[in-house]
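Novice: Submitted below is the structure of interest, expressed as structure tokens.
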Amino acid sequence: MKMIVGLGNIGPQYDNTRHNTGFMVVDAFAQQHGIALTTRKMDARFGSGLVNGEKVLVVKPTTFMNESGRAVHPIMDYFKIDVADVMVVQDDMDLPLGRIRLRDHGSAGGHNGIKSIIAHVGTQNFGRLKVGIAHPQQHTVVDYVLGKFTTDQRPVFNQAADRAVAALDDWVAGSDFMQLMNQYN
């Protein structure tokens with residue numbers, strides 16, 4: 001079983017904000033594959049389905065971003081999911097808007113959701129799908145990440161989200177991670 005985790009903050013005030021990029025991508029993936037995130041427990045909403053013959057668990061923590069690990073680790077334990085079968089979808093300010101980047105391990109890079117997952121899971125060796133939101137030009141970081149995409153930014157983000165969903169499809173299908181990085185980064 002593969003586990004795809006989207007990072008974001010809960011509550012309608014955070015819907016469609018840059019920091020909820022992970023939620024938006026996993027929602028698109030789940031919708032494309034008819035996976036309903038109807039189970040609510042272990043500080044998360046999740047659902048599962050078959051994608052290309054592989055069972056996939058799609059997870060959205062219901063904690064705030066900086067406590068995401070509190071949801072991820074218990075779900076991994078409950079479903080006996082190996083860290084090698086986990087992909088976390090996150091926003092990344094260090095990537096230009098519209099770029100995606102896959103990594104098979106690494107530090108949190110200042111992302112508090114990733115930092116929490118590393119702390120709870122006990123390793124940095126899990127997959128990341130980073131979706132670029134760019135650096136703020138005129139806003140503080142907090143105001144920027146909690147703000148919504150502008151009218152000009154939204155189509156660029158939508159294209160990146162489509163590529164991210166395609167990358168998730170290829171990952172679930174068992175594509176070699178190095179090949180995925182070469183194809184999508």
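All positions are counted from 1 along the displayed chain.
Each Cβ is built from the backbone N, Cα and C atoms, and glycine gets one as well.
Keep in mind the model is a prediction, meaning the values are calculated, not measured.
Annotations per Swiss-Prot:
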ACT_SITE  H19  active site, proton acceptor
BINDING   Y14, F64, N66, N112  tRNA binding site
SITE      N9  site 'Discriminates between blocked and unblocked aminoacyl-tRNA'
SITE      D91  site 'Stabilizes the basic form of H active site to accept a proton'
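Give me the local environment of each listed feature.
Specialist: The secondary structure of H19 (active site, proton acceptor), as reduced to three states from DSSP, is helical. Around the Cβ of H19 (active site, proton acceptor), the number of neighbouring Cβ atoms within 10 Å comes to 23.
The secondary structure of F64 (tRNA binding site), as reduced to three states from DSSP, is coil rather than helix or strand. Taking all protein chains in view, 16 other C-beta atoms sit within 10 angstroms of the C-beta of F64 (tRNA binding site).
According to its DSSP assignment, N9 (site 'Discriminates between blocked and unblocked aminoacyl-tRNA') is coil. Within the same chain, residues at least 6 positions away in sequence whose Cβ sits under 8 Å from that of N9 (site 'Discriminates between blocked and unblocked aminoacyl-tRNA') are T17, H19, N20, F64, M65, L146.
Cβ neighbours of D91 (site 'Stabilizes the basic form of H active site to accept a proton') (same chain, under 8 Å, six or more residues apart in sequence): L7, R18, H19, N20, T21, G22, H111, K130, V131, I133, V145. DSSP gives D91 (site 'Stabilizes the basic form of H active site to accept a proton') a strand state.
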Novice: Relative to the mean position of the Cβ atoms of Y14, F64, N66, N112, the recorded tRNA site, which additional same-chain residues have Cβ within 8 Å?
Specialist: N9, H19, T63, M65, E67, S68, G113
Novice: For the binding-site residues Y14, N66, work out the Cβ neighbour count at 10 Å and name the residue with the minimum.
Specialist: N66
Novice: In Å, how large is the greatest distance between any two Cα atoms among Y14, F64, N66, N112, the listed binders of tRNA?
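Specialist: Greatest Cα-Cα span of the listed binding residues: 16 Å.
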